[in-house]
Amino acid sequence: MTFNDRIAELRDRVRQQRPLIHHITNFVVMNDTANVTLHIGGLPVMAHDREEVAEMVAAAGALVLNVGTLSPDWIEAMIIAGKRANELGIPIVLDPVGAGATSLRTSSNRRLLETLQVAVIRGNSGEIGALAGMGGVVKGVEAVVEADDPLAAAQVLARQYHTVVAVTGRRDLVTDGSRVLAVDNGHEWLKTLTGTGCSATTVIAAFTAVERDYLFAAAAGLACFGLAAELAAPQARGPASFKVAFYDAIYHLAADQIRAGARVVDLSTEQSKAVAQS
């Protein structure tokens, strides 16, 4: 079975199992991430009240923590839900939106990482660099200066917190601190829509809900997400029509499209090779 066969099988497994993805996420992207969860094959729930999060996460396949619209109450809810998820072996995917932009965002994300065992961190180069202490400037929630060495920053962060780190950008990099996979799928029009990084995070969460190799799950999720964008772009005339076509492409993404179009490169070997061709 090739790497792309495995990605296609994992995508089908999400559709078959329909895992519940519990989001504690930001107001800006709630509707979009709920729809993307549905389109990829999962079931979304947005629940952030401290009185219910422990009960809600117990029914979930994965937990998404996204600090985009940050508040102290939500951080406490994230910790309550995250501790319960850890007790039950439910994977947590952290989206450290705006880490490095303010001291509150940076410290809140570090608190989550120090308190909880996170399965995957998905962020842009600026956010990952800021959390790793290796450069990166974030203005608002966008990286305006990348980390000095995004891969090195991701590896440092992965080793420090015993997690998988996915740095998204022109080329996505996914590492557990030693193994490294690069994902070359995507399209520049993703940058014209707010919240696409958050949507990528929820796809990763859906994949981790049914696959315990979190490095593979994160890379597979990003490959499917980026491939859907590539398939949508020729049908679009601008950002609005691209968004509609993108949702359709995620929903209809088929195994044969994944086998033909996913582009994942294994950077862990001495001579980097396209694992899809192995």
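Placement of Cβ uses the backbone N, Cα and C atoms for every residue, glycine included.
Record features (Swiss-Prot):
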type	residues	note
BINDING	Met46, Gly195	substrate binding site
BINDING	Arg122, Thr168	ATP binding site
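Structure coloured by features recorded in Swiss-Prot.
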residue	record	Cβ within 10 Å
Met46	substrate binding site	17
Arg122	ATP binding site	30
Thr168	ATP binding site	27
Gly195	substrate binding site	21
Write down the Cα-Cα distance for Thr168 (ATP binding site) and Met46 (substrate binding site), rounded and given in Å. 24
Under DSSP, is Gly195 (substrate binding site) part of a helix or a strand, or is it coil? coil
Please report the Cα separation of Arg122 (ATP binding site) and Gly195 (substrate binding site) in Å, rounded to an integer. 13
